[in-house]
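**Student:** Below is a structure I'd like to ask you about.
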């Protein structure tokens with residue numbers, strides 16, 4: 001119990017006091033950006049080879065919108081943060097581990113609401 | 001100010017008494033202070049502990065309820081729209097080639113498919129491919145016979161235990177009424193089938209043998225992604241993309257849950273027309289019957305007073 | 001005038017009147033049902049089983065649907 005309180009206070013401190021990790025965060029983000037692009041390239045290759053799923057196509061389109069990009073950025077930021085936490089020693093013993101479900105849901109919910117109304121026009 | 005002046009007067013008059021009362025007051029206020037600080041400390045500690053506990057609590061999270069599925073533009077949306085029977089036909093193919101490996105369809109008989117998605121002879125052939133228990137022969141040995149139209153679609157496993165044993169303890173639900181049995185209906189089924197992400201969100205740990213699906217409450221589902229592009233080959237040449245198959249099979253399962261659907265909407269239309277015209281007729285009749293009563297005028301002419 | 005002639009033909013004899021009600025109800029319900037069905041099937045054209053059956057060809061042409 002006490003340890004969680006101490007952890008929490010440290011967390012608050014981390015939020016206010018800039019530390020070295022900031023720089024690392026930025027580096028990670030740029031890495032993620034590159035990976036994303038790689039993914040896109042792969043998908044396009046598949047496109048040429050065979051039929052592409054209409055839903056995935058629409059979702060990718062939606063991901064390129066302003067809101068889609070912003071939500072994706074939020075998710076990537078969270079993923080990078082969790083990745084960083086995972087690398088730290090003693091991660092397995094942590095009582096409370098952060099996950100990115102909420103960020104993922106926000107992104108996915110937006111993609112759904114953006115792609116779903118148009119999808120069935122493309123299906124038979 | 002006023003009380004203080006009274007106090008000072010008292011001080012000047014009775015010094016001895018004054019001394020004793022002052023010392024009593026200080027003792028009381030010290031006590032009070034101690035009590036208040038104690039209460040404040042206890043309160044702060046309690047709220048701190050509560051807050052620390054709330055940081056680790058995992059109830060009422062978004063993941064627990066599952067991602068809400070969006071609404072799709074189903075062919076049967078709207079009060080007077082039927083299912084797309086071509087889609088039901090394709091959906092049966094998807095069920096047969098993909099879902100039927102694990103999921104039963106206990107409450108659907110072969111005969112119900114006739115005139116909905118397949119012709120009589122097609123369904124007969126489909127039923128004959130399966131073996132059913134027959135009456136025992138003269139020596140009491142159990143016999144088998146090919147399926148008939150009146151038989152129900154056979155299940156992949158003989159019983160629940162066998163189904164669980166084959167699926168690492170997870171029971172694939174019967175799909176006969178699944179669209180009615182899940183919040184979101186067809187939308188949910190479609191979202192679930194197409195919603196498997198390539199990777200689970202960062203930081204999510206899944207139990208062994210389970211997969212991540214945001215639409216499934218809790219997120220971890222025993223069923224893996226089963227629909228992949230070009231998994232089946234449709235006889236009508238429709239490109240079998242993942243979402244096309246998911247749409248067709250959702251449509252088929254929706255029909256399984258509501259086989260009366262098309263007829264219900266047709267009858268509903270008739271009922272609405274008849275009942276609303278009868279209602280309007282009754283309003284008119286009421287007005288007609290009451291017209292003379294409502295427009296009646298009572299007059300009273302008092303008798304002339306005698307003189 | 002016209003009402004008088006209708007009255008003479010249909011309403012004067014009770015047997016004829018009851019018969020008119022029965023025949024009228026029968027005719028109305030068949031007509032009404034076929035009109036609704038026609039509209040309903042026209043509205044859902046292309047999605048119905050008969051359209052699918054036409055598309056899948058003569059495979060089960062001699063079959064009875066029901």
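Glycine too: its Cβ is placed from the backbone N, Cα and C atoms.
Feature annotation from TrEMBL assigns heme c binding site to B:99, B:102, B:103, B:223. If you look up TrEMBL, you'll see B:129-138 marked as compositional bias 'Acidic residues'. Marked as domain 'Cytochrome c' by TrEMBL: B:86-239. If you look up TrEMBL, you'll see B:129-149 marked as region 'Disordered'.
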**Student:** Roughly how wide, in whole Å, is the group B:99, B:102, B:103, B:223 that binds heme c, by largest Cα to Cα distance?
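**Tutor:** Between the outermost Cα atoms of B:99, B:102, B:103, B:223, the distance is 11 Å.
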**Student:** Same chain only, sequence gap of 6 or more: which residues have a CB within under 8 Å of the CB of residue B:102 (heme c binding site)?
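**Tutor:** B:156, B:163, B:166, B:167, B:172, B:223 - these are the non-local Cβ neighbours of residue B:102 (heme c binding site), listed in sequence order.
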**Student:** I'd like the number of other C-beta atoms within 10 A of the C-beta of residue B:223 (heme c binding site), please.
**Tutor:** 19
**Student:** Name them in sequence order: residues not among B:99, B:102, B:103, B:223 whose Cβ is within 8 Å of the mean position of the Cβ atoms defining the heme c site.
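**Tutor:** Checked against the 8 Å cutoff, the neighbours are B:98, B:100, B:101, B:172, B:175, B:226.
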**Student:** Show which residues of the chain containing residue B:103 (heme c binding site), separated from it by at least 6 in sequence, have their CB under 8 Å from its CB.
**Tutor:** B:95, B:156, B:172, B:173, B:174, B:175
**Student:** Residues with Cβ closer than 8 Å to the Cβ of residue B:99 (heme c binding site), same chain and 6+ apart in sequence?
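**Tutor:** Same-chain residues close to residue B:99 (heme c binding site) (Cβ under 8 Å, separated by 6 or more) are B:175, B:226, B:249.
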**Student:** For the domain 'Cytochrome c' (B:86-239), what's the mean pLDDT in this predicted model?
**Tutor:** 95
**Student:** Using DSSP and three states only, what is residue B:102 (heme c binding site)?
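**Tutor:** Once the DSSP labels are grouped into three classes, residue B:102 (heme c binding site) ends up as coil.
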**Student:** Quick one: what's DSSP say for residue B:223 (heme c binding site), helix, strand or coil?
**Tutor:** coil
**Student:** Let's see if you can do this one: DSSP helix, strand and coil counts over the region 'Disordered' (B:129-149), in that order.
**Tutor:** 0 helix, 8 strand, 13 coil
